[in-house]
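*Asks:* The zinc finger annotation in Swiss-Prot covers 6-59, and the record cites sequence analysis as its basis. If you look up Swiss-Prot, you'll see C9, C14, C36, C40 marked as Zn(2+) 1 binding site, on the strength of sequence analysis. Here Swiss-Prot flags C22, C25, H48, H52 as Zn(2+) 2 binding site. Annotation comment: Swiss-Prot describes H203, H301 as protein binding site. Per Swiss-Prot, the feature Zn(2+) 3 binding site maps to D220, D231, E358; the stated evidence is sequence analysis. Annotation comment: Swiss-Prot describes D231, H294, E327, E358 as Zn(2+) 4 binding site, evidence class sequence analysis.
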Amino acid sequence: MAAVESRVCETEGCSSEAKLQCPTCIKLGIQGSYFCSQECFKGSWASHKLLHKKAKDDKIKPETSPWTMDGDINTDPWPGYRYTGKLRPHYPLTPMRPVPSYIQRPDYADHPLGMSESEQALKGTSQIKILSTEDIEGMRVVCRLAREVLGVAAMMVKSGITTEEIDHAVHLACISRNCYPSPLNYYNFPKSCCTSVNEVICHGIPDRRPLQDGDIVNVDITVYRDGYHGDLNETFYVGDVDEGAKRLVETTYECLMQAIDEVKPGVRYRELGNIIQKHAQANGFSVVRSYCGHGIHKLFHTAPNVPHYAKNKAVGVMKPGHVFTIEPMICEGGWQDETWPDGWTAITRDGKRSAQFEHTLLVTETGCEILTRRLEENGRPHFIS
């Protein structure tokens, strides 16, 4: 599950912090559109104004109804919301699933707002914890279990299966391993895993929409056991996908693995974004800026912050005992994102597809250990094997 990056200027090549928002976009209900200065805003105007035209055109198009699928009446949860792509939520959601009391729970599990007080206590710090031998063994165990749970989800992915059904299987797989599904009630996230289909970048909420032939879907798993979190995700093909989807998914996985190859003591965390963006751009794709990799151990999200785009300002140098995730989100079109009114589902602003892969890594004395590595198929992800 990705960490949220602070907003950066949307002007191509500018990575300054952005606090100014386009007033026309606000009026039209277009999310995002942040710039660092009037100069950058004016310099981007020629391309940026096309967003305004698209939003106006969408409002005058005759309405079609995406809310009926195979005789199943779906409730539109946000009437009037302008979707960027073809995907629609399929509501109502099922209630939040219970977790047996005998399973150890993270501090946010029963908080009314899902707030992690242990994370809040360290918010803003850039100090990166060096894990003890005991901590490292705990991380190895929980990451192995997280990998097993993702394997259960992988067997579920096929046309006609709903992401809600995948979530149910994930929930049961966590419970059977005496694990708490870390996303559940994390800042009130309502499900046990994230399922992100097509134009969804990350944090998609599982619902009753059946997967369709040609979809791509990312399943993001985090589990909590004995005080530690283990986090990973993969993007899967649903049935037969087009060549564009294959190129996107393959490139995204290559971005992750090329970054992992550079992980070793002495490397600056900011360097990973340079590696990822170089490979993505060489293949005609863009890199999401709003969501990042993160430190993980007894806390779900903590230092370091690990942006995936070039010329970022991430703080920190890798040392043995650091544990963190790399989880690049790569897009067919532009990197700009919006969020559905559910407050979680991040989607591409242009409605084009996005893919993601994630591993949890331990920095060793000479390189790194992939804690969430797949034990079968020589470690290859499911889309290859």
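Easy rule for this one: first residue shown is 1, then count along the chain.
Just so it is clear, glycine is given a Cβ too, placed from its N, Cα and C backbone atoms.
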*Asks:* Centre the Cβ atoms of D231, H294, E327, E358, go out 8 Å, and tell me which other residues of that chain have a Cβ in range of the Zn(2+) 4 site.
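*Replies:* Result: M1, A2, A3, D220, L232, N233, G293, I296, T325, I326, H359, T360.
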*Asks:* By a simple count, how many Cβ atoms lie within 10 Å of the Cβ of C9 (Zn(2+) 1 binding site), its own Cβ left out?
*Replies:* 21
*Asks:* Any same-chain residues 6+ apart from C40 (Zn(2+) 1 binding site) with CB under 8 Å of its CB? Would you list them in sequence order, or say none?
*Replies:* C9, T11, C14, S16
*Asks:* Is C14 (Zn(2+) 1 binding site) helix, strand or coil when read with DSSP?
*Replies:* coil
*Asks:* For the zinc finger (6-59), what's the mean pLDDT in this predicted model?
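*Replies:* That stretch averages a pLDDT of 70.
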*Asks:* Can you name every residue in this chain, apart from D220, D231, E358, with its Cβ inside 8 Å of the center of the Cβ atoms of the recorded Zn(2+) 3 site?
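*Replies:* Counting only non-site residues, the set is M1, A2, C194, I221, T222, L232, N233, T325, E327, T360.
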*Asks:* Minimum Cβ neighbour count within 10 Å among the binding-site residues H48, H52, H203, H294, H301: which residue?
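*Replies:* Selected from the binding-site residues H48, H52, H203, H294, H301 on minimum Cβ neighbours within 10 Å: H52.
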*Asks:* Taking the Cβ of D220 (Zn(2+) 3 binding site) as the centre, how many other Cβ atoms fall within a 10 Å radius?
*Replies:* 25
*Asks:* Give me the Cα-Cα distance between E327 (Zn(2+) 4 binding site) and E358 (Zn(2+) 3 binding site), rounded to a whole Å.
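*Replies:* Per the Cα atoms, E327 (Zn(2+) 4 binding site) and E358 (Zn(2+) 3 binding site) stand 4 Å apart.
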*Asks:* Other Cβ atoms within 10 Å is the metric here; tell me which of the binding-site residues C22, C25 scores highest.
*Replies:* C22
*Asks:* Sort out the sequence-distant neighbours of E358 (Zn(2+) 3 binding site) for me: same chain, 6+ apart, CB within less than 8 Å of its CB, listed by position.
*Replies:* D220, D231, L232, N233, E234, L256, G293, T325, I326, E327, T372
